[in-house]
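Structure record follows, encoded as C-alpha cells.
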Amino acid sequence: MALTTWFWVGAVGMLAGTVLPIRDCIRHPSHRRYDLVLAGITGLAAIAYTTMGLGITATTVGDRTVYLARYIDWLVTTPLIVLYLAMLARPGHRTSAWLLAADVFVIAAGIAAALTTGVQRWLFFAVGAAGYAALLYGLLGTLPRALGDDPRVRSLFVTLRNITVVLWTLYPVVWLLSPAGIGILQTEMYTIVVVYLDFISKVAFVAFAVLGADAVSRLVAADAAAPATAEPTPDGD
C-alpha cells in the first residue's frame with residue numbers, strides 16, 4: 001500500500017475523532033474550553049495528515065524523506081494533550097507552563113534530529129531524551145500531586161495520563177528503529193507504526209476524555225461554586 005494511502009487513513013481517523021468533542025460541546029456548552037482543546041488535538045492532526053497525503057511539506061535529508069507536517073503536528077498537538085491533563089489536575093500556571101515548555105523542547109529536539117545527519121542527529125536525540133525525562137517527571141509526579149479529591153476526575157486523569165506516557169515512550173523507540181535511526185524499519189513500516197501510534201495517542205485520548213464528561217462536569221460545577229476570589233495556588237498563581 002502506498003505511503004499516501006496511510007496518510008489518508010490517518011487523516012480520516014483524526015477527522016472522525018474530532019467529531020466526538022464537537023458533539024460533546026453541543027450537548028454540554030459548559031464543557032466548551034475542554035472540548036476545544038480536544039478538538040484541536042485531532043483536528044490539527046487531521047490537517048497535518050491531509051498535507052502529507054497531498055505530498056506537501058516533504059523534504060529530503062540525506063537519503064531519506066522527512067515529512068515536516070508530522071513534526072509540526074506534534075509541536076502543536078502534544079502541548080494540547082499536556083494542557084488537557086493540566087486542566088484536569090490544576091497544578092497552577094507556572095507548573096503548567098514548564099510542562100508545556102518541556103514538551104515543546106522535546107519535540108523541537110526531535111525536529112532537529114530528523115533534519116540532521118551523522119553525529120548531530122544523535123546529539124539532538126539525546127537532548128530530547130533528557131527533556132522527555134523531565135516531562136515524565138511532571139506527568140508522573142507533579143500533576144498527580146496537584147489533583148483534587150474527586151475520584152472521577154482522578155480516574156479520568158490517570159487513564160489519560162497512562163495512555164499518554166505509554167504511547168509517547170514508544171515514539172523514540174520507533175524513531176530509533178526507523179530510517180532516521182538505525183534503519184531496521186523501512187519507510188512504509190515506520191509510517192504504518194506512527195499512524196497507529198498517532199491514532200491511539202490522539203483519537204483514543206480524545207474518546208476517553210469525552211467518555212469522562214462527568215468528571216469535566218464536576219470541575220465546571222466546582223468552578224461555578226467557587227468564590228470570586230480564589231485562594232492562591234501552591235505555585236503562587
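Each Cβ is built from the backbone N, Cα and C atoms, and glycine gets one as well.
Copied from Swiss-Prot, the annotated features are:
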- K202: N6-(retinylidene)lysine (MOD_RES)
- 24-31: topological domain 'Cytoplasmic' (TOPO_DOM)
- 54-67: topological domain 'Extracellular' (TOPO_DOM)
- 116-119: topological domain 'Extracellular' (TOPO_DOM)
- 179-186: topological domain 'Extracellular' (TOPO_DOM)
- 215-237: topological domain 'Cytoplasmic' (TOPO_DOM)
- 3-23: transmembrane segment (TRANSMEM)
- 32-53: transmembrane segment (TRANSMEM)
- 68-89: transmembrane segment (TRANSMEM)
- 93-115: transmembrane segment (TRANSMEM)
- 120-147: transmembrane segment (TRANSMEM)
- 151-178: transmembrane segment (TRANSMEM)
- 187-214: transmembrane segment (TRANSMEM)
For the residue listed as 'N6-(retinylidene)lysine', which residues of its chain lie six or more apart in sequence with Cβ-Cβ distance below 8 Å?
M14, G17, I41, T42, A45, T77, I81
Need the DSSP three-state call for the residue listed as 'N6-(retinylidene)lysine' to compare against my parser.
helix
Give the one range among 3-23, 32-53, 68-89, 187-214 whose Cβ atoms make the most pairs under 8 Å with those of the transmembrane segment (120-147).
68-89
Report yes or no: does the transmembrane segment (3-23) come within contact of the transmembrane segment (151-178), defined as 3 or more CB pairs under 8 Å with a sequence separation of 6 or more?
no
Secondary structure content, the topological domain 'Cytoplasmic' (24-31) (per DSSP, counts of residues):
7 helix, 0 strand, 1 coil
Apart from its near flanks, which chain residues at least 6 from the ends of the topological domain 'Extracellular' (54-67) lie with a Cβ under 8 angstroms of it?
4, 114-117, 179-180, 187
